[in-house]
Amino acid sequence: MNNYLRKLVEGQHLTEEEMYKAGLLLLNENILESEIAAFLVLLKAKGETAEEIYGLVRALREKALPFSNHIQGAMDNCGTGGDGAQTFNISTTSAFVLAGAGVKVAKHGNRAVSSKTGSADLLEELGVNISSTPNEIDYLLEHVGIAFLFAPAMHPALRRIMKIRKELNVPTIFNLIGPLTNPVNLETQFVGIYKRDMLLPVAQVLQKLGRKQSLVVNGSGFLDEASLQGENHVVLLKDNEIVEMSIDPEKYGFSRVKNEEIRGGNSKENAKITLGVLSGEKSVYRDTVLFNAGLALFANGKTETIEEGIKLAAYSIDSGKALAKLNLLIAASNEKLERVN
C-alpha cells in the first residue's frame, strides 16, 4: 500500500491494474484503518480517473456476494449521494415507477451516509425487508420485478471502510462508485452524480462494465438527480457511443422548482412523500419523480424518447401499477423464501 500512497502524495494517477490491486488491499483485514483513511483522502485530493474508478469497481465486484447470471434485462437507478442537498428519496421512489412500467429494477442502496435518510432507511420505514440473500433477490426480480440490494450485505468486505467513511464525513471515491458496484449483471443504468466533472469518467466506466445503454446525470445545482431547477448536464451511453448533452425540464412541460423545495426529512417524513407520489398526489415531488423516472425509462430503452418516458412514468403512477409494485415488494420480501435458499 505504501507504494500507492506515495504515488498519490506525488499527485500521480494509478493505472487500472494498480487501483484493482490497491482495492483488494483496502478490503484486506490486515490493513490499518489509518492507511485506508489516508488512501481515500489522498485519492479525493488528487481527483479520480475513469481507470481508477473501474479498477476499484473490479475489486469490489470480485469480493461481493456471488449472483447467478440468469437474470436478464435488469436496471438500477441509483444516485451517488454526496450532493448535500438533503432531497427526498427521488431515485428510490422512481424505482417503483420504473417497475410499474415493466422494467426489472435491481435497486442497490444503503443507509444514510451524507443525507438524513438513505434508500434502506426509507424502504424499512415503508415495510420492506431489506435483508435478502442473492437467491431471494433473484426470486424477487423474476416474480415481483423489483428487489433491493442492501450494499453492506452485498459487500461484507466493506464494513470497515463504511465505518471510516462515516468518521471522515466527506465524500470519497466510494460516493462515486456505489452505483457501479451493483453485483447483479445489469443491462442498463441511470446514474446521478454530484460531481459534474465526473460525468464522462462514470459513463466510460459503465461502458467498460458492458452496459447496453445508460444515462449519467448531474442535475442543476450539482444535484445527484435530475433537477427541475434548471439545466441538467447529461452523458448518454448508447450503441457503445458516448454523447454529452444538456436537458432543460421546461422543454418537457415542467415548471421550474428550486432544489430547496424538494428537501426531505427523516425516514417517516420521506415515506409520507413517497406514498403521496405513488398514490397519485399532484406535487413538486411528483413532478421531480416523473422527470427522473422518464429519463430512466429512456435510458433503459423502454421508450424511444424522453417525452414518451415521462408519459409512461405518469401512467405507471396514475394506473396504480407503481404503488402495486411497492405493496408486492413489501409482501414478498417479508415471506420466508425457503424455496429459493
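Just so it is clear, glycine is given a Cβ too, placed from its N, Cα and C backbone atoms.
On a predicted model such as this, the values are computed, not experimentally measured, just so you know.
According to Swiss-Prot, the features are:
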{"type": "BINDING", "residues": "G79, 82-83, T87, 89-92, 107-115, S119", "note": "5-phospho-alpha-D-ribose 1-diphosphate binding site"}
{"type": "BINDING", "residues": "G79, N110", "note": "anthranilate 1 binding site"}
{"type": "BINDING", "residues": "S91, E225", "note": "Mg(2+) 1 binding site"}
{"type": "BINDING", "residues": "R165", "note": "anthranilate 2 binding site"}
{"type": "BINDING", "residues": "D224, E225", "note": "Mg(2+) 2 binding site"}
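On the structure: features taken from Swiss-Prot.
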residue : record                                              : Cβ within 10 Å
G79     : 5-phospho-alpha-D-ribose 1-diphosphate binding site : 29
T87     : 5-phospho-alpha-D-ribose 1-diphosphate binding site : 27
S91     : 5-phospho-alpha-D-ribose 1-diphosphate binding site : 27
H108    : 5-phospho-alpha-D-ribose 1-diphosphate binding site : 25
N110    : anthranilate 1 binding site                         : 23
R111    : 5-phospho-alpha-D-ribose 1-diphosphate binding site : 18
R165    : anthranilate 2 binding site                         : 20
D224    : Mg(2+) 2 binding site                               : 29
E225    : Mg(2+) 1 binding site                               : 31
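DSSP assigns G79 (5-phospho-alpha-D-ribose 1-diphosphate binding site) to a strand segment in the three-state reduction. Secondary structure at R111 (5-phospho-alpha-D-ribose 1-diphosphate binding site), as computed by DSSP, is coil. Residue pair E225 (Mg(2+) 1 binding site) / R111 (5-phospho-alpha-D-ribose 1-diphosphate binding site) shows a Cα separation of 18 Å.
Between the alpha carbons (Cα) of T87 (5-phospho-alpha-D-ribose 1-diphosphate binding site) and D224 (Mg(2+) 2 binding site) lies a span of roughly 10 Å. Close to G79 (5-phospho-alpha-D-ribose 1-diphosphate binding site), meaning Cα to Cα within 10 A, are the following binding-site residues out of N110, R165, D224: D224. Put simply, of the binding-site residues S91, N110, R165, the one whose Cα is nearest the Cα of D224 (Mg(2+) 2 binding site) is S91.
In the three-state DSSP scheme, T87 (5-phospho-alpha-D-ribose 1-diphosphate binding site) falls into the strand class. Across the fold, the C-alpha of R165 (anthranilate 2 binding site) and the C-alpha of R111 (5-phospho-alpha-D-ribose 1-diphosphate binding site) stand 13 Å from each other.
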